[in-house]
Amino acid sequence: MDPATLCKAFFAVGTAVDLGGILLPSFRENIMNYGSRGSKDSDSKPSDFQKPSNTNQSTLTKIIEKVASCQVPHPWFTHYYLVSVASSAFWGYQIFTGGAIVKVLAASAGGPRGTGMTANQVVLAWALMGAQGGRRLYESVTLTKASKSKMWVGLWLIGIAYYIFMGISAWVEGNAVLSDPRPITSLLEFSKPSLKTAIGVPLFISASALQNDCHKHLASLKKYSLPQRGPFKQIVCPHYLAECLIYVSLAIISAPPGQALNKTVLAGLGFVVTNLGVTADSTKKWYVEKFGAENIKGRWRMIPYLY
């Protein structure tokens with residue numbers, strides 16, 4: 001299996017698991033919900049979130065609850081971005097020095113020569129992925145509040161794996177230029193930006209700015225209070241929308257000639273949309289329970305006029 005197909009396969013499995021959370025309420029409640037949405041959140045008042053015991057639970061539910069009992073601190077989310085930054089640094093070194101590992105991956109990639117990403121696209125997509133990871137790491141360190149919240153250890157591991165695969169997906173369809181024996185810097189073309197760059201880069205910057213503003217606002221709020229500024233007036237999770245738009249921009253920027261979107265990054269986007277979509281739905285339900293339906297009325301979960 002070539003690297004791009006392996007990345008797509010991982011994202012497909014992740015997407016399927018996310019969709020499974022919709023079909024299996026016990027899986028969603030015990031596995032996918034975390035932080036303030038977790039039914040066993042240690043930061044929440046027991047009277048608000050403890051469920052009555054059910055002696056008639058199905059065997060599947062009992063198994064899921066047992067698996068979900070293996071938890072790690074929710075602030076371990078920071079590890080995702082450490083891995084993302086480390087991944088970008090490692091692959092940047094490989095790409096710019098013509099390292100053996102990136103050469104092996106490029107050589108094992110499928111597809112005819114000359115149909116992949118250009119050198120400019122490889123470098124730009126790699127750089128923007130690094131910028132995304134760096135910004136999120138900075139926000140995680142500077143904006144995250146101390147918390148006793150927990151999340152399932154499996155979610156933590158899946159998140160780590162996601163950033164490893166996405167760090168590769170951003171440039172893996174550039175097998176032709178990465179297989180070239182010449183330094184990639186000698187293959188760069190300095191000319192006016194392509195249409196994909198002209199569309200993708202402003203979208204990436206705008207979405208990143210939106211997400212950063214949302215994260216700053218959330219960090220400024222009193223614990224477990226209702227966000228009501230800017231896009232939060234219309235959308236429950238505008239920062240999730242921004243995350244999706246960031247990967248849309250990367251899919252545009254890294255799309256090989258003749259393609260509108262990079263299929264490997266697009267597969268990763270599918271994983272992101274389903275994962276954040278389930279979380280946004282849980283967040284809206286938690287807001288309704290916590291603050292009342294009248295205060296959430298008219299707010300979209302994540303994507304205006306769609307979801």
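Glycine is no exception: its Cβ is also placed from the backbone N, Cα and C atoms.
Any TrEMBL annotation is an automated prediction that lacks curation.
Residues or ranges marked as compositional bias 'Basic and acidic residues' by TrEMBL: 38-48. Marked as domain '3-oxo-5-alpha-steroid 4-dehydrogenase C-terminal' by TrEMBL: 196-307. The region 'Disordered' feature in TrEMBL is assigned to 35-56. Residues annotated as transmembrane segment in TrEMBL: 153-172.
Within its own chain, the transmembrane segment (153-172) is flanked in space by residues 3-4, 6-7, 10-11, 14, 17, 31-32, 34, 67, 70-72, 76-77, 79-81, 83-84, 87-88, 91, 95, 105, 109, 117, 122, 125-126, 128-129, 133, 178, 250, 254, 262, 264-265, 267-268, 271, which lie at least six positions past its ends and keep a Cβ under 8 Å from the stretch. Here the domain '3-oxo-5-alpha-steroid 4-dehydrogenase C-terminal' (196-307) has a mean pLDDT of 95 out of 100.
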